[in-house]
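If you look up Swiss-Prot, you'll see K57 marked as active site, N6-AMP-lysine intermediate, on the strength of similarity to another entry. What Swiss-Prot records for 29-31, 56-62, R79, E126, F173, 269-271 is ATP binding site. The transit peptide feature in Swiss-Prot is assigned to 1-17.
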Amino acid sequence: MLRRLGVRHFRRTPLLFVGGDGSIFERYTEIDNSNERRINALKGCGMFEDEWIATEKVHGANFGIYSIEGEKMIRYAKRSGIMPPNEHFFGYHILIPELQRYITSIREMLCEKQKKKLHVVLINGELFGGKYDHPSVPKTRKTVMVAGKPRTISAVQTDSFPQYSPDLHFYAFDIKYKETEDGDYTTLVYDEAIELFQRVPGLLYARAVIRGPMSKVAAFDVERFVTTIPPLVGMGNYPLTGNWAEGLVVKHSRLGMAGFDPKGPTVLKFKCTAFQEISTDRAQGPRVDEMRNVRRDSINRAGVQLPDLESIVQDPIQLEASKLLLNHVCENRLKNVLSKIGTEPFEKEEMTPDQLATLLAKDVLKDFLKDTEPSIVNIPVLIRKDLTRYVIFESRRLVCSQWKDILKRQSPDFSE
């Protein structure tokens, strides 16, 4: 087994700690799990058809980055409070150069946007990584010097899934700020935060997996949602079987907007059953999918939903090529595939919608790969797998929408 040892040094620096009033630290509110009762409450208060934004819920540790006006030092917080600089928290110190760059850039852009100085700027996010059990990925053991002592960088989560990277990373999902020391924190609306995040080179942030009315978001199957993170942190060519995501964080699109007066919950967790923290059985029996009925009704209403393509493919050139690939799934190509098959498989009732969709998807991929650039053909394995899934999905949707007409046209008695 390969092992690498890396050491980073950080000098202990004095910290001006927060006073007893806790005016700097902003505890990140716990998010309620979704269930049928809470979804029905959204319907009852008229928020069900509002726009909602779902991002991947990363399995890690809550982590905040604080920039305070007049202080040169950046502060870092876990869920329970701001940490002294010598506290060992999974080895986050190794990320400090990047974290400082992120918060400095966000502060500059936000102050420019607000056209005023801000007392505190805060990026909320998740610290994650430290485990990736793939035979082609070397096991790593890194240490970082904290207060003159070597401390081992440890995995934030040790479950068999989801696994993201052998290294430690930060995933940003919120921006908050205080104009004055005595003021309250203001949360940026999701789209405003994303506008700033995407302008910071190297910053990993919560992109929308799916957005729209809750009827559309709830049709997304979190039970079969493969994490989108590994390709973003260099693991795209090292797929893991069953690397399911923890779930989604679903926010109201107007959360943080001035004047927004919600009548119901504005943030919910849609968690994979494997990550439910309680059982509905008093005897702690098998976990159940509390969203099963809601998801079934939503699928009947909005259809099965896949992640937005932009959350899977983030390179602009690859994204454009991916959209072109999906444009190959069209009615004219379906007619061409049918002409190659003939009528006999339909006469003998041997052809099913899934079989026809598979033939269509294969034809799409064959033609696309024949004409596309080598750089697109050689995209990471995980992204290739995702794109194949999208092609099959779109092929099935097209075939199913025309199946009755296809059966009619493939009948030997059909005439124009």
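For all residues, glycine too, the Cβ spot is worked out from N, Cα and C.
Structure with Swiss-Prot features highlighted.
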| residue | record | Cβ within 10 Å |
| --- | --- | --- |
| T29 | ATP binding site | 7 |
| I31 | ATP binding site | 16 |
| K57 | active site, N6-AMP-lysine intermediate | 27 |
| H59 | ATP binding site | 21 |
| A61 | ATP binding site | 16 |
| R79 | ATP binding site | 11 |
| F173 | ATP binding site | 22 |
| F270 | ATP binding site | 24 |
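Rounded to a whole number, the distance between the Cα atoms of the residue listed as 'active site, N6-AMP-lysine intermediate' and T29 (ATP binding site) is 15 Å.
For the pair F173 (ATP binding site) and K57 (active site, N6-AMP-lysine intermediate), the Cα-Cα distance reads 10 Å. I31 (ATP binding site) sits 11 Å from K57 (active site, N6-AMP-lysine intermediate), counting Cα to Cα. The residue listed as 'active site, N6-AMP-lysine intermediate' and F270 (ATP binding site) are 9 Å apart (CA-CA, integer value).
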